[in-house]
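What TrEMBL says about this one:
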{"type": "BINDING", "residues": "B:Ala32, B:Leu61, B:Leu97, B:Trp390, B:Gly397, B:Ile398, B:Ile399", "note": "FAD binding site"}
{"type": "BINDING", "residues": "B:Gln169, B:Gly170, B:Asn171, B:Val172, B:Arg213, B:Arg214, B:Glu225, B:Gly397", "note": "NADP(+) binding site"}
{"type": "DOMAIN", "residues": "B:23-197", "note": "domain 'FAD/NAD(P)-binding'"}
Amino acid sequence: MFQEIQAIPSTRTRIQISTPPLSVSVTTRDNLTELGAAFFFSSVIMLVSKVSRAGILMLRGLSRGKLTPITRAGYIQRPYSQYLQLLFERQTETKVFQGSIFLKHHNFSTTTTANASEEGSEKEETISVTFVDKDGEEQHIKVPIGMSMLEAAHENDIELEGACEGSLACSTCHVIVMDMEYYNKLEDPADEENDMLDLAFGLTETSRLGCQVIAKPELDGIRLAIPAATRNFAVDGSCNY
Amino acid sequence: MAIFQARTWLCRSFSTLSSHPLHVCVVGSGPAGFYTAEKMLKAHQEAEVDIIDRLPTPFGLVRSGVAPDHPETKIVINQFSRVARHDRCSFFGNVTLGSSVSLLELRELYHVVVLAYGAESDRELGIPGEDLVGIHSAREFVWWYNGHPDCKNLDPDLKNTDTAVILGQGNVALDIARILLRPATELATTDIASHALAALEESSIRKVYLVGRRGPVQAACTAKELREVLGIKDLCIHLQEADLLKTPKDEEEIKNNRIQRRVYELLSKAATTGPSHPRSGQRELHFVFFRKPDRFLESDEKRGHVSGVHFEKTVLKDVGDGKRIAVGTGKFEDLECGMVLKSIGYKSVPVDGLPFDHQKGVVPNIRGRVLHDTSGDPTLLEEGLYVCGWLKRGPTGIIATNLYCAEETVVSISEDLNLLASKASLPKPGREGLLHLLDNRNVKFVQFSAWEKIDSTETMLGSLKNKPRDKLTTWEELLKVARE
C-alpha cells in the first residue's frame, strides 16, 4: 500500500494524506460514511507508525523553510546548518523524499479545498524551477513558495555551494537567472547583496545570490544557471582580502 | 566546460582500475586544504584523505584571520567540519611539515600530497626604521586579537599614544582599523581573544590613519567592509576632497570594474557628508591617499620606539599595458604616531625539498602541479606533488577563491592519476605509515575529536562571559585540553 506524506510549507504546515483508493484531506468531510471514517482513522494510525526518517527530516527541514535571509544574526542559521548535517550524512533519506514526489503523481486527490485539481493546488504552493549546472545538465525541481533557491538546491542534492548558509556573508550561492524576463520579476538586490555579488565569480547582468531569490508564484518556470569558475580567477581583479 | 565532463569520466575510470585505496595528504587545514579534501573525497570514492596542520586547531585563517565581529564569515567552518568527520578523512593537528615529518617522507607515504599551508610571513617595506618598537605587521596584530598561540605575547602598546598609522587600504587594514576604533563594549560579546579585549579596553588610541600609495580609485578594500567602517557610531571620517578628483584614466578604470566603482562611490559619499567638528574624545578615521612611506621616525624621549612616519607624496604613472604605479614626487610629509601597522601583504614560507619562487613568493606550478624549478618548463613536474590556495596563487582572494582553486588542482590530480593507472601504481602506506612515523617520533598529534574537546571548552568558557567562545591562546592549554 502506498503511503505518503506531503508536507507543504507556506505560512502554515498542511498535511495532505493520500492513501489509495481513498484520498482524504484533513479539511474535508464530504461523503464520508462511517466505514470511510474508520478506514481513514486506521490508515492515519498506520501512517503515523510507519513514518520514515525521511518524513521527519522533510517535515523538520521544510517547516523551517522560511528563513529570513536579510538578518545578520547567526542564530537563525543554526537549525539550517543542523539540517545540512543530516543531509550530508543521510543521503538515502533525500532519495526517499524524491521517490515520494514521484509517488504523489499516482494518487487522485478529491480534496475540496480551494482548487478543484491537484495541479491547481500545487501551483499555488510550489513553483517549477530548473537548475542548469556548469556541465549544462538540467535538473527540474519543485520549490515551495517562500523557500530560497539555495535551500531548494540543497534539498534536491543540487551542487550549489553555500559557505555562509544564507547569511549574506559570501558569494558562493551565486546563480545566473537565464531569462531577463524572470530577472526583472525579482526585487532589486539590497546593498548587502550587491556587496557580495561584487565578489562573485563569473558575475553577469542577471546574477543573483541563490539565498536571496525566494520562490513566489510569478517565478514559476524560472531557469537558474550555476556559473562555471573562470580560469583566470587569479587575475581578474576581483581578488581582495 | 569540457574539462569538467572529462573529469567525471576520468574519476570513474580510475576507481574501477585501482584495487587499493588512494592515499592523499593535504598539508594545511584552512579553506584551501578543506575544499581540496572535500573535492578529492567526492571525485575519488577510493581516496583516503589526511589533513595535517601545525596548529592543534583546524581552519586556518577562518579561525585566526577573520575578524571577531564577522561571525557570519566563519559559518563555513560547519561545512569544513562535515568534511573532517567524513569516514574517509582524518585530521592530524600539531603535526608540522619540516619538523614532525619531512616533505620527502610525506611523498613516500602518500600517492598524492597537496600543499595548502598558505602564507605565514610578511612582505617587508625594506625602509629605515622598520625594526623600531611599535611597528607590527598586520598578520601579527590580527593573530594577536584572534588568539593565535604564536602571537599571544605580542603585547602591542595601545596606551602610549592616541594615533595609529595603518599602511595599506585592503580589507585586513580595514579590519584592524575597526577593531582599534570600535567601542570595547561592542567587542566584548565577540570571540576576540581575552588578552586583546583587556588591552583594547585600556587603549588610548583615538585616531587611525589608513594610508595608501595610490588613490581612492585604486583602494584595495571592498564595499562591504568599507560600508561597515563608515557606519560605525560616533566615528568621524576624514577624507580630502582633492584626493577624490578623477583623471580620465581613473574614469576608465572605474568603468570596467564594479568593485572599484562601488568603493569609490562610498568614499565620495563619505567625503561630502564631511566631518563635523569632532567632539572631544570622539574617534577619528582618516583616509590618506598618494603617500608612500620613506622611513620611520624614532622617538627622542623613548629611544628605539617609533614616533612617526616620513611619507613621500606620489602621483600615478603609466607603465604600459594600462597599468599605473605610484611614483615619488620628491615632496615629503610627516605623520606623528605611536604605533604603525604594516598591512601590505603576506608571504609564503618555503620548506626543504620544495621548489620555490622567491620573487613571487609562491611555489612554481601549472594549474596546481608543482614544477621542478622556476624555469617554467611544463615538462619538469614533481610527481605526486600539488599546491592549492595562497601557496599556489599568492596571498590574494577571499575564502571562496579557494573553491575554484581547489577545483583546478583536483582536476589536475585526477588527470594525472588516470595516466598513472595505466601503469601499475604501487600501494603506499598512507595513514598507517604516518601514524607509525608520528608514534616513533613521539609527536602528540591532535585528532578532530580532540579539537572538538577544545571547541566545546572554548564555547563553555565563552558562555560564562557572554561570548560565542573564549579562545584558548597558548600551546600548553590547547594541547592539555586536547589530551584530556
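Positions of Cβ are set from backbone N, Cα and C atoms, glycine also.
The distance from the Cα of B:Leu61 (FAD binding site) to the Cα of B:Glu225 (NADP(+) binding site) comes to 17 Å. Under a cutoff of 8 A between CB atoms, and with a sequence separation of 6+ in the same chain, the neighbours of B:Val172 (NADP(+) binding site) are B:Gly65, B:Ala138, B:Val142, B:Ser343. Using a 10 Å Cβ-Cβ cutoff, B:Ile399 (FAD binding site) registers 26 neighbours. Secondary structure from DSSP puts B:Glu225 (NADP(+) binding site) in a helix. Between B:Gly397 (FAD binding site) and B:Arg213 (NADP(+) binding site), the C-alpha separation comes to 20 Å. Separation of the C-alpha atoms of B:Gly170 (NADP(+) binding site) and B:Ile399 (FAD binding site): 15 Å, rounded to the nearest whole number. A gap of 29 Å separates the Cα atoms of B:Asn171 (NADP(+) binding site) and B:Leu97 (FAD binding site). Each residue contributes its Cα atom, and for B:Gln169 (NADP(+) binding site) and B:Ile398 (FAD binding site) those atoms are 16 Å apart. Listed binding-site residues (B:Gly170, B:Trp390, B:Ile398) with a CB under 8 Å from any chain A CB: B:Gly170, B:Ile398.
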